[in-house]
Amino acid sequence: VLRYERAIMASLLRRRVGAVGLASAAAAVTAVALGGAADERSALSRHLSQVAQCSASRAWLVPPGPAGNRVVGRTRDGKPVVQRTLQHGSLTVQVLDWGATLSSVLLPDKRGDVGEVTLGFDELTPYTDGTSPYFGCVAGRNANRIAKGRFTLDGEDFALATNNGPNHLHGGDAGFDKKLWFCEAQSETSLTLALISEDGDQGYPGCVLARVTYSLPTPNQLRIEYAAITDEPTLVNLTNHTYWNLKDGGRSNVLNHQVELAADLYTPVDATSIPTGEVRFVKGAMDLRKPVEIGAKIKEADNGMGYDHNFVMRGVFGADGLQPVARVYEPSSGRWMTVRSDQPGVQFYTGNYLDGVKGRGGAPYRRHHGLCLETQKFPDAANKAHFPSTVLRPGEVYHHLTVHEFGASDAAPHGPF
């Protein structure tokens, strides 16, 4: 499959053919790209042709199967948007095609009562009209900030959309969060969405094929896996921007949540939230290596605004290729969440700029009513040569895996995670 995708990208996207061209050429390319049996080649060819034709006609259909899928509205240009439901035991997740958005996560508390643990909206419109502050979306092509929206790659200067003061944030004015992804596959417990981002999209070079797979391998795990390939050197740094509130899904603040980060270092920022380039040892409010209530230190973080910083993971990976990132516990519900990832950093954000936007059930989401744990490469890595690189080149495959594990207990979990 990987060789197949590379051949498609190399042979077709370099020529800038559209989706219709991709559909008509898929069968011819398959036989060269794959060495498998004829029936396998035929099946893959039919699959890509169907996907490409769907993309070309904009016939975004609800696939047969899971009964929880439903059309929840349309984009401004009339395309239907589907909300897709995954379930494994008592864990239920809903995902929108728009922005590949994780729109709902339902979990039991310590009493067995199932409740919402993310911030979101009942209707589609706030996601599509710019109201949503990135609730649950896949942020890209480059998540987080790029200073002044500029970077140099292989000696060529590029200018991106600046949508966060003087800087570029989460892929620009129309990043991956504001695009309609298409469904490649879905089962009761797994969903794969894909997106083609054309050359020049928001100022980025190269055409990128991106994928995200949400899956529930167990009744207490949410696995998010990203992949991307490109036909020209470009930047790729994807993350999920879910706002978590393990108590009540955002009706109250998260200041009583206990948080622990597996990070001895962080990257300080300037007045516009761009890393200065320093990698500093944590201390004071930035030292979250042991469980601490968010409210106990938040007034000392970022001059009282709260946390919005990239923390550097320790790089101690387990047999599964993942390293500990964070653990969160909310005492009244007993719910807890651990995060493990293969990425070098995590942006810990405490909803500092939530301004009372009306969310699910009409609840006003105010400052600190949610927290984000955005696994990632470092912000502004495109302009900091000593940061882990976000450059993706033809022939390479971007990969990112993050696993959330959930539970509930009378006391906070402790020990390794």
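Placed from the backbone N, Cα and C atoms, the Cβ positions cover glycine too.
Note: TrEMBL annotation is automatic and uncurated.
Sequence annotations record features per position, and here TrEMBL assigns beta-D-galactose binding site to N144, R145, H241, T242, Y243, D308. The active site, proton donor feature in TrEMBL is assigned to H241. If you look up TrEMBL, you'll see E374 marked as active site, proton acceptor.
Counting other Cβ atoms within 10 Å of each Cβ, the recorded positions D308, E374 show the lowest value at D308. Residue environment of R145 (beta-D-galactose binding site) contains 23 other Cβ atoms, counted within 10 Å of its Cβ in all protein chains. Counting only same-chain residues six or more apart in sequence, the Cβ atoms lying under 8 angstroms from the Cβ of T242 (beta-D-galactose binding site) belong to L102, V105, T118, L119, F135, G136, C372. Rounded to a whole value, the Cα-Cα separation of Y243 (beta-D-galactose binding site) and E374 (active site, proton acceptor) is 10 Å. Within 10 Å of the C-beta of H241 (beta-D-galactose binding site) we count 24 further C-beta atoms, all protein chains included. Of all the binding-site residues listed here (N144, R145, H241, D308), H241 has the Cα closest to the Cα of E374 (active site, proton acceptor). Within 10 Å of the C-beta atom of N144 (beta-D-galactose binding site) sit 28 other C-beta atoms, taking all shown protein chains into account. Cβ neighbour count for Y243 (beta-D-galactose binding site): 26 (other Cβ atoms within 10 Å of its Cβ, all protein chains included). Across N144, R145, H241, T242, Y243, D308, which the record gives as binding beta-D-galactose, the greatest C-alpha separation is 18 Å.
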